[in-house]
Amino acid sequence: MRKLSKPLYGQQNKTAYLFLLPWLIGFFCLTLGPMIASLYLSMTKFNLLSSPTWTGLSNYVQIFTEDDTFLRSLWLTFYYVFLSVPLRLAFALLVAMALNKGIRGLGIYRTVYYIPSLLGGSVAIAIVWRQIFDGSGLVNQFLSWFGITGPSWIAHPDYVVYTIITLSVWQFGSAMVIFLAGLKQIPADLYEASGVDGAGKLRQFFGITLPMLSPVIFFNLIMSMINSFQAFTPAYVIGDGRGGPLDATMFYTLYLYLKGFSFFDMGYASALAWIMLVIIGVFTAIVFLTSKFWVFYGDNQEGR
Amino acid sequence: MLKRSMVGMLAGLMLFVTACSGTDHTGAGGDTDNGAAESGQVELRMMWWGDQKRADITNEALKVFQEKHPNIKIMGEFSPSSGYFDKLNTQLASGTAPDIFFLGGNVVDYAKKNVLLDLDPYVGSELNLDGMDPTMVEYGRLDGKLQHISAGANARGIVINQALFEKAGIPLPEPNWNWEDYAAVSKELSDKLGDGIFGTYNFTVDGMDIYLKQRGKQLYNMENGTLGFAKEDIQEWFQYWEETSSAGGVVTPEMQVSNPHDDTSKSLLITGKAAMSLLPSNQLAAFQSLTEDPLILHPVPRGPKGTGVVFESSQGLSGYANTKHPKEVAILMDFWINDPQAAKILGSDRGVPVTEANRNLLQEEAGPVEEIVYQYTSLVSEATKSEPFDVSYNPPGFAEFSKLAQTTSQEIGFGRKSVEQAVADFYNGTVRIFESNQ
């Protein structure tokens, strides 16, 4: 058994590396150099235009000890990630299940629902979003039919983050397509057998659909989380591009960008970037570590 | 076997890495445009900020320039003011900045970083400054070097939507009004015009330097290289706006955010929802072209030492220190300020021309809006004869400073902090920004 599986494993690895090759080339040729440079810059004072001067860890010290905006932007980003990722995944799963009912013209629906995730990160959509949620925008016109005077959702510091979360949830398309593929993999006889045994829809969902889908959920969770931590465009365009009003759109990436490119403090911005990398790494590791308790691979050795 | 293939793959990868970094080197090495220089054809990149209208006239002027200098080709680029400086900074950092570009009051930030072309060697030959006002020339001299050529002058004033004053039945204010009058008029306008229409925009940030000058202070004392004000000096100003806002005379913070006063596509002055604001005189024409309501410029309310308003550079041209064609950059600057044809095309979109000859030329053909602007700017020029004020520069780190000032104003507006607390934080932040940008 062992003798057989090892060469097969190697074969699989080779194929995997072959598929990873374009990414690896990109990483080694394009990404690695700037990453190392930014690690160096994070320990310097670098105003973008003069040459950097070595300051050791002082940027990091300043970030953790005296920077209120750092804390605020970190908190805002966490808030955004922990609200938008579950919402988006839940929404994506819901739509995927609806589309999995064998309706006609599935290809068209799939495309239509996928489009937002292609466009969602774009500036144009963020501008449209601005118009929809503005004080005299579509949403408030709709609310006014019921006699409700809505606030300007993009201009009030208390509400603007929800506008951005809505935009993020609306980009459920790519998660949905992956869910849909996962749903199609679940053998229909599981549902039939459980149906014969008298399991209701809800029971089937929690007893069959969710466990069988857990590898896909795991994948989607990781990808959405990493993406959400790095959200930039919606905050930049829906807000005023300077984190306003009142730092309510000061996402971590936006703060980093402003520090680096507007405020001439690229060393500081590099330090911020490395802190973000560590944070994303930690959260990804947590999800990976917990995954053995909730992700079930139908085809693994233990045969769970 | 697995190991060997892995090693092989890695080796291949490393080869590839070296290969691509190799190309980079040859690419950079081969990228000299000796060829272009030899043939006598020079290409300049120029960058400015602004709207489509400004882009159209700028391109038209550049076309005339290229007709007059067939050996110089200009590639124009523009972006809205919001992203302009980020873009410029990135290009400066990567060494791909345009040969010539516009800067505003933040020119100090760039001069301090030695990225601007020293223009002194070209003055008198390629660049003729004889017709330019001496104070304007001096404005571009930073750290003893001429690094900036003003492309237009303006004076800030209170823009008034006359239709709203008429509707409210309020007479136009006296020209020598003070800030108390301003608050009172704002409140009266809000009260009489009813729901959703306000007396004035909140210009805490834009008017800050004027207010300080009215009290003998300034934002930045360039000679001594220090901040020009103390915490107490600025506290009253924030307090003033807090009180005027509470009284109801000022646009709500939400509206201020969703309709920034300097965005012509959204300004409440144009949509008739706000009656007054602070406006640089060169923008009056752009605002007026978008509304039927007659707009006029009125003097800024006075403080103890006068209005604090001066006739100052609104923006100007600087060259990139590493440009390959400094001479041509100087030629283009010369054209920009001296050529009568250029002056006619450009009008006063970036401010009143900086040479007297071109000013007279434009004044002859002034339309009704330009007439208002000229009347106002000459009023300011007259006033500064009896009440002189220094032309001021923005403090270094201006982008971060103005963001902080705006946040402070919003913290007070949205009721997050008391004025005292907000101003204390503002002043500490200002000192920190100022020091880290020295």
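For all residues, glycine too, the Cβ spot is worked out from N, Cα and C.
Residues or ranges marked as transmembrane segment by TrEMBL: A:20-41 (among others). Residues 52, 266-267, 270, 273-274 of the same chain lie 6+ residues outside the transmembrane segment (A:20-41) yet bring a C-beta within less than 8 angstroms of a C-beta in it.
What TrEMBL records for A:74-287 is domain 'ABC transmembrane type-1'.
The feature transmembrane segment is assigned by TrEMBL to A:78-99 (among others).
Residues or ranges marked as transmembrane segment in TrEMBL: A:111-132 (among others).
As annotated by TrEMBL, transmembrane segment applies to A:159-183 (among others).
Marked as transmembrane segment by TrEMBL: A:204-226 (among others).
With a cut-off of 8 Å between Cβ atoms, the residues of this chain six or more beyond the transmembrane segment (A:271-295) that come close are 38-39, 42-43, 59-60, 63, 70, 74, 214-215, 217-218, 221-222, 225-226, 229-230, 252-253, 255-256, 259. Residues annotated as transmembrane segment in TrEMBL: A:271-295 (among others).
Only sequence-distant pairs (6 or more apart) were considered; of these, fewer than three Cβ pairs between the transmembrane segment (A:204-226) and the transmembrane segment (A:111-132) are under 8 A, so the stretches are not in contact.
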